[in-house]
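What follows is a short report on a single structure.
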Amino acid sequence: MFSDDQLNEIIVEAENVPSRVVPEKTPVNSSFSMVSSISDIDMTDSQSFGNPDDKKSKQLLRFSTSLNESFLQTLHRSPGSVGIDTSHENIQGQKLIASLIPMTSRDRIKAIRSQPRTMEEKRNLKKMVDKEKSKQSHRILEFNCCAQCLNSVSQAYRRSKNSLSELLSYISLWQKTFKVIGGKFGTSVLSYFNFLRWLLKFNIFSFIVTFSFIIIPQFTVPEKNTLQFTGLEFFTGAGYFQDTVMYYGFYTNSTVQHGSSGAPYNMQLAYIFTTGACLIVCFFSLLFSMARYFRNNFINPHIYSRGITKLIFCWDFTVTHERAVKLKQKNLSTEIRENLSEIRQENVKLTLNQQLIHVSAHLAAWVVSTGVAIACCVAVYYLAENNSEFLKNHQNPGAVLLLPFLVSCINLATPRLYSLFRLVERYETPRREVYVLLIRNIFLKISIIGILCYYWLNIVAQAGEECWETLIGQEIYRLLLMDFVFSLADSLLGEFLRRLIGMQFPTSLGLQEFDIARNVLELIYAQTLVWIGTFFCPLLPFIQMITLFIMFYVKNISLMMNFQPPSKAWRASQMMTFFIFLLFFPSFTGVLCTLAITIWRLKPSADCGPFRGLPFFIHSIYSWIDTLSKRPGYLWVVWIYQNLIGSVHFFFILTLIVLIITYLYWQITEGRKIMIRLLHEQIINEGKDKMFLIEKLAKLQDMEKRANTSSFTVERRDVEQTSPLHVREHNAAHDLRFRRSVQEENPKV
């Protein structure tokens with residue numbers, strides 16, 4: 001057998017040999033010779049195509065016969081004429097080329113060789129076929145290249161996505177620590193640390209945005225700081241820090257532009273738009289997180305055997321390390337205890353007298369807690385109102401810490417007083433107790449922040465003091481720092497002393513349990529101050545980021561050393577949803593109201609800050625819109641502002657749509673919960689039916705066994721009553737047959 005290249009060389013050499021077919025003939029003779037050669041085509045085909053049983057040879061034979069038939073038809077169409085229709089020839093030529101292209105090189109050469117054509121026609125036919133095949137191969141190659149490129153791009157995207165998810169899970173903050181906490185203390189304590197990490201990511205984003213669009217442009221404007229650094233600024237926030245990028249008053253109101261060709265950068269617009277963008281992103285992030293946690297955790301059907309199924313069917317056999325196996329066992333045991341406690345608590349039913357006692361205890365506790373909160377708010381308002389006179393009479397730089405110190409003392413002592421109410425209320429479920437403590441603490445802390453905001457916006461801002469925005473920023477910085485110091489002292493000293501007292505002196509106290517409500521409210525209180533103070537102190541997200549990072553390790557160490565796992569295990573899958581809801585309302589909504597009053601109703605300082613000289617902060621937006629209205633290319637921005645952002649009706653309609661969607665989503669959730677409960681009841685009823693059928697089947701089997709045993713005993717009695725003579729005859733016959741068989745085998749015997 002020859003290769004394709006060898007066959008091509010043979011054909012080229014054969015084409016150079018003088019042919020016996022004379023090309024220079026008259027049309028009649030050429031046609032006659034072609035017709036006469038038709039009878040020889042079959043012989044040529046059979047010789048050239050080899051074995052007729054071969055599949056490929058049969059295809060070529062069919063091709064040659066069809067070609068001869070079509071050629072004869074073209075000749076018989078006009079027997080009296082010599083020429084052939086040109087259009088029909090073109091169609092037949094296209095069909096011939098199309099039929100030759102799919103063949104292999106060897107089969108194509110054989111088919112062209114068997115054609116009743118001259119050498120020149122065969123040579124042209126071969127060139128045309130090669131040309132068309134190269135075009136098709138080029139198109140196929142382009143299509144294959146595009147498909148391969150798309151396939152490679154999709155594969156690269158999937159690989160990069162998987163690798164990115166693996167990288168994020170690998171570099172996720174404190175992932176191993178979270179597993180240890182969840183395995184030892186359960187999901188209820190773990191929810192606090194999850195919330196702390198979520199707030200840390202939030203502040204990292206706010207700091208990156210603020211640093212990129214406000215602080216870096218201000219660094220390009222050189223301004224000298226003439227104040228001396230003493231170190232006391234870390235506690236008071238005043239002094240040297242007053243003339244730095246830390247506070248509002250340091251920022252310029254001019255347009256930053258480097259060179260005549262550089263783009264202008266308006267600091268007023270950058271300041272207000274950056275703050276607004278951070279708040280908008282926070283708003284949608286809170287909504288998205290709340291909806292996601294609500295969908296994943298709040299729709300909580302009655303999962304009675306989740307931990308057991310995990311223990312039996314969902315064990316990860318790839319975990320081989322001893323510490324990892326122990327940690328996995330702790331997690332499973334904790335989940336089983338939580339599920340069993342949920343079942344036990346749902347089955348608890350109180351009598352009428354017990355219910356009356358509990359209701360009266362709850363009402364008394366609510367009255368006392370509300371009275372304590374009102375008293376604390378009055379004390380904070382009195383201290384804030386007399387704070388300015390106190391600072392005028394005391395020139396000591398540390399005097400400014402009095403108000404933050406007293407507020408932090410109230411925030412530390414009052415929640416502990418609320419925690420003592422559990423001895424009287426005695427809630428059936430720990431979750432309800434945590435919810436009640438959260439509501440009481442949030443009422444206290446948000447009321448204190450509201451009173452402080454009233455003091456800042458109505459007394460400090462209206463006092464006519466120079467750069468009142470910086471003064472408010474310093475107050476918020478001191479409150480945040482003092483709250484951090486008190487939290488550290490409580491974790492490192494208070495909880496440690498409580499452990500020593502509980503372990504050594506009255507043994508009945510024992511180790512304390514982690515107070516989730518109090519610790520979560522500390523985070524919400526600090527984050528609310530950060531949101532309010534970002535406008536007056538742009539570096540507050542960075543400060544909060546550092547404090548949260550430190551607090552995580554402090555709380556983790558204190559948790560492992562000074563606390564015991566909850567005595568009543570309970571699943572806290574809904575806690576993150578409730579935490580984010582409290583952070584959204586009333587915390588974030590109160591921040592929006594405070595900043596809206598500041599921007600729309602207060603007059604900025606005349607000698608400091610980026611908005612100096614304006615009647616209101618919002619006038620920077622008004623002047624920018626007026627400038628854009630004079631430019632035809634930016635009229636769409638003006639339309640968006642006038643019809644959407646500046647329209648009250650738009651926000652009213654948007655709020656109405658959000659409420660409708662929330663109501664529909666709530667109804668869908670309630671319907672799913674009802675359906676889950678009905679399906680669970682159906683499963684229980686089907687189980688009862690199966691047990692009933694199994695009992696009936698067992699009874700029937702017992703009855704059949706009894707009937708069989710009775711019949712067997714009857715037959716046995718009948719056998720025993722037969723005559724012994726028959727038995728003897730049967731034995732004698734058996735002995736006789738045995739003797740005969742032995743004699744046949746051994747005749748000598």
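Cβ from N, Cα, C; glycine included.
Going by TrEMBL, these are the annotated features:
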DOMAIN    467-573  domain 'TMC'
TRANSMEM  198-219  transmembrane segment
TRANSMEM  269-288  transmembrane segment
TRANSMEM  363-384  transmembrane segment
TRANSMEM  396-413  transmembrane segment
TRANSMEM  434-457  transmembrane segment
TRANSMEM  528-554  transmembrane segment
TRANSMEM  574-597  transmembrane segment
TRANSMEM  645-666  transmembrane segment
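Between the transmembrane segment (574-597) and the transmembrane segment (434-457), three or more CB pairs separated by 6 or more residues in sequence fall under 8 Å, so the two stretches touch. Secondary structure counts, DSSP: the domain 'TMC' (467-573) has 78 helix, 4 strand, 25 coil.
If you look at the transmembrane segment (528-554) against the transmembrane segment (645-666), you find fewer than three C-beta pairs under 8 angstroms, all six or more positions apart, and that falls short of contact.
Long-range neighbours of the transmembrane segment (198-219) within the same chain, counting only residues 6 or more positions beyond its ends whose Cβ lies under 8 Å from a Cβ of the stretch, are 173, 245, 250-252, 256, 265, 267, 270-271, 273-274, 277-278, 281-282, 285, 289, 523, 527, 530, 534, 538-539, 541-542, 544-545, 548-549, 552, 576, 580. For the transmembrane segment (645-666), same-chain residues at least 6 beyond its ends with a Cβ under 8 Å from one of its own Cβ atoms are 291.
Within the chain, the transmembrane segment (396-413) has long-range Cβ neighbours (under 8 A, six or more residues past its boundaries) at 232, 235-236, 238-239, 376, 379-380, 383-384, 387, 390, 444-445, 448, 452, 474-475, 478-479, 481-483, 485-486, 490, 522, 525.
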